[in-house]
């Protein structure tokens, strides 16, 4: 695709990105929620995103699947008042929806597999019902414009303007850095076009390429992104990357993960594959629309509430640790 068509596509996506942003008031409410409270806190949300990253690696899903799952999760959480015990079911449902949208049919995972590997205490029926709720609340708008959309377009534009391969940006590295940023709820407040450009300029600075920097500035001018806005998000990206690079930060393995277990453990897994979870399923009449409307009055962004008896509030480190050896030991 030539540069003119790429810039045209860039403008089209810029016009659409606003429709797929989580409500900022809802995100701010999550950030202000205290730990062990009635709502989902930022730490709780970030921990679930870390788990989604680990599951993405385990099942060999693409970066697009992970980014879309996080987008669906944040959009849903920003409009609904959710109790922490629901978050596991909601996040897995978002990942399952995203995988159906982006992955080839042969690469998809069954509901049973997702529930079993994530070790969450809900049933396939619960998952299906939650997916229906999420789909309806998001008006079935799944093919979102995300920061990954812009990252790919920016990368393609730079390639179309450079004949030399000396300073070509590493797209895999840019995608990994984007995933790291999405593990913090603050980056869900950024416009995807601005976040992607911040990541791009971060890498260009590391390459010390004046030619690539000029192309990036041309993109900035074309999209009318202010210097102040870009500087603010570049600062947060830089801080995130420094923390990610620190030895104290545990990083996930980006390869597709494989469980190596003993024969006895394998037999136990096989026998318990379809076992009934400890907790009951979600009652059919739990999400009553009239009750949901009434319960949203105490929230400034029009959030609605859920209530039931699902289990597991998430906690974890900032970046996901090795999914097998540290967090999900048998």
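From the backbone N, Cα and C atoms, a Cβ is placed for every residue, glycine too.
Among the features that TrEMBL reports, domain 'Cyclin-like' is placed at 50-136.
Annotated region 'Disordered' per TrEMBL: 285-330, in sequence order.
TrEMBL lists 286-301 with the feature compositional bias 'Acidic residues'.
The compositional bias 'Low complexity' annotation in TrEMBL covers 302-316.
What TrEMBL lists as compositional bias 'Polar residues' is 319-330.
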- Query: With DSSP, how much of the domain 'Cyclin-like' (50-136) is helix, how much strand and how much coil, in residues?
  - Reply: 70 helix, 2 strand, 15 coil
- Message: Please compute the mean pLDDT of the model over the domain 'Cyclin-like' (50-136).
- Response: 91
